[in-house]
Every structure is written in structure tokens, then in C-alpha cells.
């Protein structure tokens, strides 16, 4: 029934998901900025980050509002940070990609689809906030861990043992580095994030996510050292790499594992 519905809707389904993703991206933008500025989430409409003028409703339309304003506030004429646009676009394309993956691989399991969308929301906030401010929000991590634990145990019959192993490996791996380096290599936020990732992926998928995160982080670090003039002690938002790796494993965990085992066989 679900597959027939998606086939009938066709491209319309992706357009709807894209527009929904833009709206969610706009909400994520607002939430992240207000959280960083210590402004209550439900405190009125969106405002200019510079002069704090309240924006008109049409200025809040995702993407179009930015284009209408030509990237500048109408009052103070200061540039609107471009990350507001790329967060909206990234959220929209992420939701479309998850939907495409869901249909392309013939899962047609609505519970799996909704789970991945929910998990993607938590990972997206972690990714953006750590990338912008080098902070991993504890409230998002703990809420995500509770949601992940409940959803995986109730709806996907993932064993408590597998999730506890994921938590122990995910957080323990970072805790060991935190203790050895006295907080120089990684921060306490990475240790907490390991708990959330452990509930999302459980054992043994947590291992794949850690491997991907370190590989991608190392490649990025070398690039920044060679081409961007960064120093060895420069901060790299590792939480963002871990969020990306977790999303990759959620969608392509089996394929990644098969590819890696194939390399070992060679």
C-alpha cells in the first residue's frame, strides 16, 4: 500500500519533502541562534541578528526571504550570515535524500523512515552547532539518547545488550582520550555524544561510525594544515564529523561494512 502511494505521488512527494525540509531548516536556524544568544525559543518572531528588528512574515520565508532582502537587513543593512541559507538547504536536501534512500532501496517501512528522520534532526543540530560554535549541546545529546533508546528498543527490537555495548564503546572510547589528554584532544561534549550515538547505532554499528569519523576528521585536519594555514593545536569540530558518520551508518551501514570487509579480503 505504501509503495503504491509513493509511486503515484512520484516527484510531488519529493517536492513536498523538500519544502518541509526548508521549513524545518528555518526552525533549526531560529532555535540554534536563540539558544546561543540565550533568547527564549518562543519569544516572538524572528529578528535581525544585528539590530534585533523583528522581521516581517515574508522575510521569514525560507530562501526567498534571504533573496528578497538581498542578504542584508532592510534596517541596519548589515549582512545576514549566509549559514542561515545553507542550513535551510542542507536540511531540505537531507530529508529528500533520506526519502530517496527509503524508496530506492525498497524498504517501505514507515517506522524506519520516521526513525531516520527523527535521528537526522538530532544529528543535524549537533552538526551545525558544533560547526559554528565548537559546542555540543548537552540537552540535545541527552534528549536524543533517551529518544534513541526508546525508539530502538520498542519499535525495532534492538536488544538492551547491543545498546549498552554501543554506549560503553561510544562514550568509553572518548572518555579514555579525555582522561589521557586531560581534555586537550577532545572535550566532555564528545564523551556525552558517544552515549547518544551508542543508542542510535548500538553494537556493532558504533564501530563503523567511529572509524568513519576519525578517517574524515583526519583527512580534514591534514587539508587545513596544508592549505588553510591551521596549526596542530587548532580546534576541529569532531562532533560534526561524528554526526555525519552516524548518519552515513544509519543509511548505509551494511553497505559500508561489506565494502570494508571486501577491502580486507583483497
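In case you wondered, yes, glycine gets a Cβ from its N, Cα and C as well.
If you look up TrEMBL, you'll see 12-33 (among others) marked as transmembrane segment.
Feature annotation from TrEMBL assigns domain 'Prepilin peptidase A24 N-terminal' to 19-102.
Per TrEMBL, transmembrane segment is recorded for 84-102 (among others).
Summarising the annotation, TrEMBL assigns transmembrane segment to 114-133 (among others).
Look at TrEMBL and you will find 117-221 tagged as domain 'Prepilin type IV endopeptidase peptidase'.
The transmembrane segment annotation in TrEMBL covers 162-180 (among others).
If you look up TrEMBL, you'll see 209-227 (among others) marked as transmembrane segment.
Here TrEMBL flags 239-261 (among others) as transmembrane segment.
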With CB pairs under 8 Å as the measure, which of the listed stretches 12-33, 84-102, 162-180, 239-261 comes out on top against the transmembrane segment (114-133)? 239-261
Just to be sure I understand, if DSSP states are collapsed into helix, strand and coil, how many residues of the domain 'Prepilin peptidase A24 N-terminal' (19-102) fall in each? 48 helix, 4 strand, 32 coil
Which stretch from 12-33, 84-102, 162-180 shares the most C-beta pairs under 8 Å with the transmembrane segment (239-261)? 84-102
What are the helix, strand and coil residue counts for the domain 'Prepilin type IV endopeptidase peptidase' (117-221) according to DSSP? 91 helix, 0 strand, 14 coil
